[in-house]
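Enquirer: Dumping the structure here so I can ask a few things about it.
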Amino acid sequence: MQGLLEPEDYVHVLGPKLSPLDELRSVCHATGQEDAFYLCNVDDVVHKMELWRQLLPRVRPHYAVKCNASRVVLNTLAALGAGFDCASKGEIEEVLSLGVDPSRIIFAQPAKPATHIRFAAGRGINLATFDNEEELYKMRALHPKCRLVLRIRCDADDATYCLGIKYGCDAERDAPRLLRTARDLGLQVVGVSFHVGSGCREEHVYRRAVRAARHVFDVAEGLGIRGMRLLDVGGGYPGDPEDEPVFRKMAKAINSSVAEFFPSPDVDVISEPGLYFVSSAFTLAANVHSKREVRNEAGDLESVMYYINDGVYGSFFDVLNRRRFHGLPLEAHGESCDAVPSSVWGATCDGLDKVEDGVMLPPLELGSWLVYHNAGAYTISLACGFNGVPIPKVHAVVSTSTWSQLRDRAPFTESHFVPSLATGRRHTSASLADPPRRLTLALQAPASISQSIMESLPADCRRMSILDQNDLTGSRPIY
């Protein structure tokens with residue numbers, strides 16, 4: 001269970017008529033606030049869970065911790081009843097520290113170090129993936145009671161990152177041999193998993209993948225393997241707002257494929273979404289601390305180089321993988337017609353530390369802020385702090401209606417929630433380093449989180465009941 005709260009454990013409750021943008025401005029304008037930071041909108045994560053339950057009612061999400069392990073994300077998804085896809089001892093330890101039951105974790109790493117297997121066995125993690133023979137011998141020696149899931153390969157034709165070259169066996173050629181080996185070793189194979197690729201935009205791949213999984217189920221039955229009851233449809237689902245139509249098409253394809261090949265409700269279906277839950281929930285704010293004008297021989301301005309306090313060794317590592325980020329000025333010092341060719345550079349000494357190039361930006365003064373939306377996926381989790389540049393902290397916000405639903409859902413407690421800077425009007429004297437202070441906040445009548453979410457919560461999320469709305473009609477203290 002969690003001990004003393006750290007600064008990034010707190011969630012800042014927005015007062016009536018205040019938006020996440022209001023809080024972003026308040027933090028940027030706080031006295032002494034110059035470090036880059038993330039604003040996490042908890043309501044966005046909750047909305048994603050509601051949409052998931054609506055579109056994929058049979059599929060239980062297991063959040064891919066590697067995508068963004070910020071404590072507020074893990075707390076929120078744990079409170080909403082999500083499972084967790086962990087790929088290492090460290091990720092398992094982090095999730096268990098929240099009080100999450102081990103049965104809600106899948107060790108979704110087909111190639112696991114022995115020390116990590118021993119750790120998982122000792123902590124009661126009894127569901128793990130494999131895709132090769134050597135892994136079976138390791139599991140037989142180190143965790144023989146573990147329920148195993150065979151990962152097969154089925155790559156999408158349109159995905160940002162293809163994972164099949166590293167993980168996943170051939171369903172036709174390799175799966176029968178691996179199933180026989182597992183059977184002969186006395187190991188229990190309970191299901192099949194696949195991952196079509198991160199950033200997938202092709203819905204038709206799911207029919208191919210689910211059909212291949214059905215084939216493996218049939219092979220297992222022919223080998224006398226009983227108890228195959230789990231289908232894991234992987235991750236890679238898009239999470240940016242403009243990609244919601246793509247996700248809806250994927251959900252439709254998954255539903256129809258599962259209904260066709262696994263009509264029996266006896267087969268549980270899970271998934272491993274990561275960026276879907278966090279991409280649009282996070283906004284990064286980076287401070288312009290330096291700039292250099294580039295002029296031609298005649299002295300005419302050709303471009304401007306801006307230097308910010310984050311970079312490719314921090315939130316923008318994926319730039320090296322050709323991912324594009326585009327910063328928007330929080331406050332422009334000029335008209336749009338004044339925009340000039342610009343580049344944005346990171347904070348380290350490395351000449352490759354360039355975030356943007358060839359972009360049109362209005363004039364920015366030192367101390368200006370550039371805001372990057374949809375910054376929640378594979379940003380903070382990839383940051384390393386090279387050159388001593390601090391990794392941006394997370395400043396989380398939540399509406400009063402969502403706060404009223406989450407505050408008593410484990411692992412959240414009342415003490416996790418504090419007033420927002422915008423609500424407390426403290427932006428002239430506060431910073432991210434300030435301790436939270438008590439404030440009485442006038443609450444609006446809360447709107448309920450989707451009933452389907454509440455009914456699906458596992459027992460370890462039901463520590464306390466939701467307060468009656470009659471208790472929330474006046475002013476209540478928030479700590």
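Each Cβ is built from the backbone N, Cα and C atoms, and glycine gets one as well.
Here's the feature list from TrEMBL:
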- CYS349: active site, proton donor (ACT_SITE)
- 43-279: domain 'Orn/DAP/Arg decarboxylase 2 N-terminal' (DOMAIN)
- LYS66: N6-(pyridoxal phosphate)lysine (MOD_RES)
Enquirer: In whole Å, note down how far the CA of LYS66 (N6-(pyridoxal phosphate)lysine) lies from the CA of CYS349 (active site, proton donor).
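Expert: Between the Cα atoms of CYS349 (active site, proton donor) and LYS66 (N6-(pyridoxal phosphate)lysine), the distance comes to 27 Å.
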Enquirer: Out of LYS66, CYS349, which of these recorded positions shows the lowest number of other CB atoms within 10 Å of its CB?
Expert: CYS349
Enquirer: Over the domain 'Orn/DAP/Arg decarboxylase 2 N-terminal' (43-279), work out the mean pLDDT and round it to an integer.
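Expert: Average per-residue pLDDT within the domain 'Orn/DAP/Arg decarboxylase 2 N-terminal' (43-279): 95.
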Enquirer: May I ask you to report the DSSP-based helix, strand or coil state of LYS66 (N6-(pyridoxal phosphate)lysine)?
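Expert: SS state of LYS66 (N6-(pyridoxal phosphate)lysine) = helix.
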